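First comes the structure, then the notes that go with it.
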Amino acid sequence: MRKIDKSILAKVIKPRDPISYKGNYGRILIIAGSIHFGGAAILSSSAAVYSGAGLVTVATTPEKFASLNTRIPEAMTIDYHDQKETLNSIKQSNVIVIGPGLGISELTQSLIKSVIENTTKNQTIIFDASALTEVSEENIDITSISANVILTPHQGEWQRLSELEIPDQTTDNNLEAINKLAPSSLLIVKKHLSEIYYHDNVSQIKAGNAGMATGGMGDTLTGVIAAFVGQFGFSEETVAAALFLHSYISDSIYEKSFVVLPEKLISEIPLAMKSIIIK
Ligand SMILES: NC(=O)C1=CN([C@@H]2O[C@H](COP(=O)(O)OP(=O)(O)OC[C@H]3O[C@@H](n4cnc5c(N)ncnc54)[C@H](O)[C@@H]3O)[C@@H](O)[C@H]2O)[C@@H](O)CC1
Ligand SMILES: Nc1ncnc2c1ncn2[C@@H]1O[C@H](COP(=O)(O)OP(=O)(O)O)[C@@H](O)[C@H]1O
Ligand SMILES: [Mg+2]
């Protein structure tokens, strides 16, 4: 199993061209949040903005517009009940995150199907949280999606998708399961020392700590990955760098703090990314 260490960061995080504009750094759509899970949409979108995404739009329930605009004014908001507006945003985005805080509902199922049917090979979809649960519970076919696909289940969500009990989630079993479920996708099994499965390659990050075992940490990861793909393009390296940075910053916080709060992690992303390119 290949190990992912700090060297991945300098391979991916590059200085910006002075002659550039926000369109160069990715249009991200985050389809997230619901009446009981407003924070997931805030954390995912904040993480995307703070990780350098050019433009971030959150498709969520209008009850959450005020809190979102207050917490992360850089992100724009659209109503995911408005099919026309949501479809328009799906088609215009480079990266689409779907799932954090969405909840289990017919709406979630229809949003998933709309994303699958209206994206092309030049786009990337990140399935997380409730979207993963719906894919498994509704047997939604994700084997032949045109867009790049990234799945970010924790071990419980992976159990639902793969039908592998957690103790049986070995490298070989995971590889077999992902090749059956979505052969060309990139799978991250989130846990202590998370693993990446992509085209039969298996790698493991050498960072992460138990202070990360707090609600919202996975929602946050989706925003970091989305921003990295939006800026640096879809590749196993880009995703590995995002996954590593998320745990690397958490490790530095964990040195002095009993718990790693997702918001604290997010606040430290810009300085951590800058430190990688300062020689
Ligand atoms: N502030 C917010 O708005 C938050 C919203 N959240 C949303 O809540 C929804 C449900 O996600 P959850 O993950 O909380 O609940 P899930 O029900 O999807 O998964 C948690 C369940 O998985 C099982 N499990 C077993 N081993 C596990 C392991 N090692 N790691 C994780 N789970 C394991 C347990 O039965 C546990 O109850 C998602 O849409 C998520 O985005 C959560 O992310 C928490 C924070
Ligand atoms: N003990 C641990 N060691 C390292 N990383 C952990 C540990 N516990 C949780 N994490 C990380 O925290 C995140 C939790 O994701 P998830 O359960 O989806 O959170 P949420 O859905 O509440 O946002 C994952 O990235 C996981 O790898
Ligand atoms: Mg999660």
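Positions of Cβ are set from backbone N, Cα and C atoms, glycine also.
The domain 'YjeF C-terminal' feature in TrEMBL is assigned to 5-276. Annotation source TrEMBL lists (6S)-NADPHX binding site at Ala40, Gly101, His154, Asp219. Taken from TrEMBL, the feature AMP binding site covers Lys190, Lys191, His192, Leu193, Ser194, Gly218.
Mapped onto this structure are the features recorded in TrEMBL.
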| residue | record | DSSP class |
| --- | --- | --- |
| Ala40 | (6S)-NADPHX binding site | helix |
| Gly101 | (6S)-NADPHX binding site | coil |
| His154 | (6S)-NADPHX binding site | strand |
| Lys190 | AMP binding site | strand |
| Gly218 | AMP binding site | helix |
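Taken in sequence order, the binding-site residues Ala40, Gly101, His154, His192, Asp219 that lie near ligand 1, meaning a CB under 6 Å from one of its atoms, are Ala40, Gly101, His154, Asp219. Straight-line distance linking the Cα atoms of His154 ((6S)-NADPHX binding site) and Lys190 (AMP binding site), rounded to a whole number, equals 4 Å.
Apart from Lys190, Lys191, His192, Leu193, Ser194, Gly218, the AMP site neighbourhood in this chain, defined by C-beta within 8 angstroms of the site C-beta centre, holds His154, Gln155, Ile188, Val189, Glu195, Gly208.
With respect to ligand 2, the binding-site residues Gly101, His192, Leu193, Ser194 contribute His192, Ser194 as residues with a C-beta closer than 6 angstroms to one of its atoms, given in sequence order. Among the binding-site residues Ala40, Lys190, Lys191, His192, Leu193, not one has its Cβ under 6 Å from an atom of ligand 3. Its own atom aside, the Cβ of Lys191 (AMP binding site) has 15 Cβ atoms within 10 angstroms in the protein chains shown. In the structure shown, the C-beta of Lys190 has more C-beta neighbours within 10 angstroms than that of any other entry among the binding-site residues His154, Lys190, His192. Between the CA atoms of Gly218 (AMP binding site) and Ala40 ((6S)-NADPHX binding site) there is a gap of 9 Å, rounded to the nearest whole number.
In this structure, the CA atom of Lys190 (AMP binding site) is 12 Å away from the CA atom of Asp219 ((6S)-NADPHX binding site). Excluding Ala40, Gly101, His154, Asp219 themselves, the residues of that chain whose CB lies within 8 A of the CB mean position for the (6S)-NADPHX site are, in sequence, Ala32, Phe37, Leu43, Ser44, Gly99, Pro100, Asp128, Ala129, Ser130, Gly215, Gly216, Gly218, Thr222. Counting only same-chain residues at least 6 apart in sequence, those with a Cβ under 8 Å from the Cβ of Ala40 ((6S)-NADPHX binding site) are Ala32, Gly33, Pro100, Gly101, Ala129, Gly216, Asp219.
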